[in-house]
């Protein structure tokens, strides 16, 4: 019996040990898989969150870079515009200075011209107040000649109101020991134009169409409008003075006359001065 018990015990030991402690690979690996699964889920969530944060950070950096670049461009454009405005302002300032300088110069010139004009007006009025006299003369033939004369400076001008041909004006000036007006002085012509009491007066200038040249008594050329020379074809032309210009006309037509003489020999035709004696006029000559 002892041998059976030993054998039984041995079998029972081996059997009980095999039944009570069954070892399975799945059971030994299950706790590890659960622990691994429990640990992997939080790390995935953290990675996703970190990725989103990195994306947002990169997006923010990109937006900031774009804004900084755009602000830099706008600042550069503003500085460029500001420099252009400064240059334009400087140019306008220089132009304004030049305009002010020109205005001052023009004002000075205008003032000088006004002073000269006032002086000439005073001198002109002084001359006219001293010497202007209306004459009513009669020639030896009994024909009455109306006119007036005045002196200014060293010249006296005798205006004959009767209409005569150019040769007639030349002759009547010679009868009074005068000469038909001959001048090339623009200032003198302007002065005489301002004193005209009628439209036109002959002066000492003739022009022949065939020769296309001007001839003036005293061998002095005169400036005339070339268009006026063509107004009367193939006829001798003579110059006349109007209140507007110096022009030419047919010498056979009639205009008034302007005679002249210098003060060293006063132009008194006999004793035909109306309201004045020859001695009184001579005293005027001496005083002038």
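Quick reminder: no glycine exception, Cβ is built from N, Cα and C everywhere.
Per Swiss-Prot, the stretch carrying the note transmembrane segment among 4-24, 25-45, 46-66 is 46-66. Looking only at Cα atoms, residue 114 (N-linked glycosylation site) sits nearest to 105 among the glycosylation sites 94, 105, 177.
Same-chain residues lying 6 or more positions outside the transmembrane segment (46-66) and placing a CB less than 8 Å from one of its CB atoms do not occur. With a 10 A radius on its CB, residue 177 (N-linked glycosylation site) counts 13 other CB atoms from all the protein chains.
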